[in-house]
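Chemist: OK, TrEMBL features for this one:
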- 92-110: transmembrane segment (TRANSMEM)
- 122-147: transmembrane segment (TRANSMEM)
- 159-181: transmembrane segment (TRANSMEM)
- 260-282: transmembrane segment (TRANSMEM)
- 303-326: transmembrane segment (TRANSMEM)
- 355-371: transmembrane segment (TRANSMEM)
- 378-398: transmembrane segment (TRANSMEM)
- 404-423: transmembrane segment (TRANSMEM)
- 435-457: transmembrane segment (TRANSMEM)
- 463-484: transmembrane segment (TRANSMEM)
- 491-512: transmembrane segment (TRANSMEM)
- 532-552: transmembrane segment (TRANSMEM)
Amino acid sequence: MTSSALACNLGFPTLPHRRLRVSRPPQSHSLLSRQNLILPSLRSPFPKSLPRLPSRCGAFRPISSVRASTSGSASAAPGPAVPSSPPWQGAALKPLVASIATGVLLWFVPAPAGVSRNAWQLLAVFLATIVGIITQPLPLGAVALMGLGASVLTKTLPFSAAFSAFGDPIPWLIALAFFFARGFIKTGLGNRVAYQFVSLFGSSSLGLGYSLVFSEALLAPAIPSVSARAGGIFLPIVKSLCVACGSNVGDGTENRLGSWLMLTCFQTSVISSSMFLTAMAANPLSANLTFNTIKQTIGWTDWAVAAIVPGLVSLVVVPFLLYLIYPPTVKSSPDAPKLAREKLEKMGPMTKNEIIMAATLLLTVGLWIFGGRLNVDAVTAAILGLSILLITGVVTWKECLAEGVAWDTLTWFAALIAMASYLNKYGLISWFSQTVVKFVGGLGLSWQLSFGILVLLYFYSHYFFASGAAHIGAMFTAFLSVASALGTPPLFGAMVLSFLSNLMGGLTHYGIGSAPVFYGANYVPLAKWWGYGFLISVVNILIWLGVGGFWWKTIGLW
């Protein structure tokens, strides 16, 4: 059989013969360059996907059938290709059924005394939406939109009420901040900042960890997605540094550096997220629910001032504690600063787009800090910054449209805000608060102990949530209302619950956006991830309520 006939029988178009020349790759001392090396001369001359062209050879057979026939009887006659059915691309059915069943069951449960039927039905739709957000049969935005649609379809909410929160500035602030993150990552400015820290402080394993921790915290106010910040910028850097230090997955060297560094960077990412209003996507939701509940505003500066002291203490204590109880076997990393300097040298001087991005970022963050004195709110400052990026071409509008996470976040934020707001207006939250007040108040405890009980219940219930936003949307308003009714200073209670809404993400490998990113690197076993997650949660609670409590007393928060 000729080569042309063989190619025809295999379903490939006939191609001219070509000898492949193998060239030796250039020698490199970089572990990264050797690891990522691709030999162009060894690439297949055939395209990855070949069209089914007409041929004199008759019907084409898929490669799988050819392999099957060659492994079986040589006399087996080839049969016609059986078209495979396309895979299911709709909703995950079991989570969808669980979500709908939750709403239907609660819908037909009689409303308790003191709760209107309309409020109870909205609660059924709301909890069904929350279950959908936790189990995710569809993306969060799709689940939230279906929840709004159900509330309108059942006449629980009028259309104007269901979609009222799309006019709220908070969801738009987060969407705009995602567009900033796109420019920050696209220009390479984020990598430059991180490499600079590593080059200065990364000569030891502990110093390397702190350099990554504080560079991530420095970027936190500018990138509202902890997934984008930790996964898009720092995970690639961490993995590169681990490989450079000889700590790889699957060969028994994970504990040389990678296990400690991955766990440290993850646990501190939830701390940095708690330190700034714009450091995590759901933080503005906490601020919005605070205003709806107690009619007090948490501004960007208010949040940062209250969180800076306990946050810095946690950023110092947590890496060192993990260094003691889960230590790397390699205590020094002399290659890390060298690798970072090589990366910086390869990047060269700051590009024009990096300079524009840095200047725009400084302007926007400056307006977030001092905008109150200039009568410029946070959303207006973000729109101004994005306008500069669009005009200069650092970010294009097409890229903004392609930023699906931003639009998805806008949708589910607005949906949760609307439903939670009307649960409050319909009187359900006040009923729940009064019920819990009677129970906890009957214990005869001071407001400090009562608030401590509420804090623990709020924090450790996060084991049942895969989203900080879902947890906040489901429980924040009710717990803040109860705490205020028991005598807790309202703004103090709101601040503490807001901070804990980030810190609780460190409990599991699914509790916050950065968790699956770092856990997926496979340096830390699941049992240790959960065990150290619980231990660090206790440490964080003690720091934030202990050191933070003294600081908040000093600044007059309570």
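Each Cβ is built from the backbone N, Cα and C atoms, and glycine gets one as well.
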Chemist: By a Cβ-Cβ criterion of under 8 Å, what residues six or more beyond either terminus of the transmembrane segment (159-181) are in contact with it?
Modeler: 148, 151-152, 222-225, 228-229, 232, 278, 281, 284-285, 287-288, 361, 364, 377-379, 382-383, 385-386, 389, 395, 399-400, 403, 405-407, 409-410, 413-415, 417-419, 421-422
Chemist: Between the transmembrane segment (122-147) and the transmembrane segment (435-457), are there three or more C-beta pairs closer than 8 Å, counting only pairs 6 or more apart along the chain?
Modeler: no
Chemist: May I ask whether the transmembrane segment (463-484) has at least three C-beta pairs under 8 Å with the transmembrane segment (404-423), counting pairs 6 or more apart in sequence?
Modeler: yes
Chemist: Counting Cβ pairs under 8 Å to the transmembrane segment (435-457), which of 260-282, 378-398, 463-484, 491-512 comes out on top?
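Modeler: Answer is 463-484, with the largest number of Cβ pairs below 8 Å.
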